[in-house]
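Written below as structure tokens is the structure these notes are about.
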Amino acid sequence: MGENMIKSEDLVFKYVNAEEQTEKVAINHVSMEVKKGEFLVILGHNGSGKSTMAKHMNALLLPSGGKMYVDGLDTSDIENLWEVRRRAGMVFQNPDNQLVATIVEEDVAFGPENLGVDPKEIRERVDDSLKAVGMYEYRKHAPHLLSGGQKQRIAIAGILAMRPKCIVLDEPTAMLDPSGRNEVMKTIKEVNKKFGITIILITHYMDEAAQADRIIVMDKGEKVMEGVPREIFSQVEKIKSIGLDVPQVTELAYELQKEGVDISTEILNIDEMVNALCQLK
């Protein structure tokens, strides 16, 4: 992983509260970098600024101050908007709001058609994208008959068909059941590893965040923590003071350590917990 896919410099975003006629700062001088090919999670509770940050990454929102660069392109330059949105695709929380056609393959073709891609290549892109997310056999189905997890995979296929360099996912599993969440997370990781596409996942699920290469934690519009998952989640008290939880096994290790058990809090999954417990005398 070399150069940056996403870079913000001292980013500020303010919006006006129409009722109170006051300005609210949603992002307060945040600088961050996301390397090409990286899988980054941005964590934070409601109102932390994480979704506002995500919307800057494909120029749905533009900075009130500071800069946001997507693959080296300044999002504040109006001439860059089309190219920024082509390079950074976005998947939202509600799958039903993202599907536009009555047949799955037509929905996936919608983006490339709007880019003016040749029909023969569109056919190839649609098939390749549906295979990549494990939904090729549903290509002739009606999207509204699919499960929530399947719909989100179709939404991801629609972004893949546009050949982006980066996909920003704003709480894509928030409305899904556990099996749907697992389907979507598996797809996200495969897209990242197989195609080298940069992934930025906005979430408040700790087990999802634990699977990332790196985590940024936001609180009250500011970046308050940054590091690899083990580094972040081992700071249990700090995470809790921000109003977040840690993965269940990390919480268990923390409670055991408090009771005097010689165990690390840098435990992220059940296998690691089993190994750590087996080594205790």
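Backbone N, Cα and C atoms are what each Cβ position is placed from, and that goes for glycine too.
Look at Swiss-Prot and you will find 6-245 tagged as domain 'ABC transporter'. For Gly44, His45, Asn46, Gly47, Ser48, Gly49, Lys50, Ser51, the entry in Swiss-Prot reads ATP binding site, with the evidence type sequence analysis.
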Legend entry - In three-state DSSP terms, the structure that Gly44 (ATP binding site) belongs to: coil
Legend entry - Additional residues around ATP, ordered along the sequence, whose Cβ is within 8 Å of the centroid of Gly44, His45, Asn46, Gly47, Ser48, Gly49, Lys50, Ser51: Thr52, Met218, Asp219
Inset, instruction - Write out the long-range same-chain contacts of His45 (ATP binding site), meaning residues 6 or more apart in sequence whose Cβ is under 8 Å from its Cβ. - result: His204, Asp219, Ile242, Gly243, Leu244
Inset, instruction - For each of the binding-site residues (Asn46, Ser48), count the other CB atoms lying within 10 A of its CB, then report the residue with the highest count. - result: Ser48
Legend entry - Average pLDDT across the domain 'ABC transporter' (6-245), rounded to a whole number: 92
Inset, instruction - Reduce the DSSP letter at Lys50 (ATP binding site) to three states and note it down. - result: helix
Inset, instruction - For Gly44 (ATP binding site), write down the residues of its own chain that are at least 6 apart in sequence and whose Cβ falls under 8 Å from its Cβ; none is a fine answer. - result: Lys50, His204, Val217, Met218, Asp219, Ile242, Leu244
Inset, instruction - Taking the Cβ of Ser51 (ATP binding site) as the reference point, list residues of the same chain whose Cβ is under 8 angstroms away and which are at least six residues distant in sequence. - result: Asp170, Glu171, Ile202
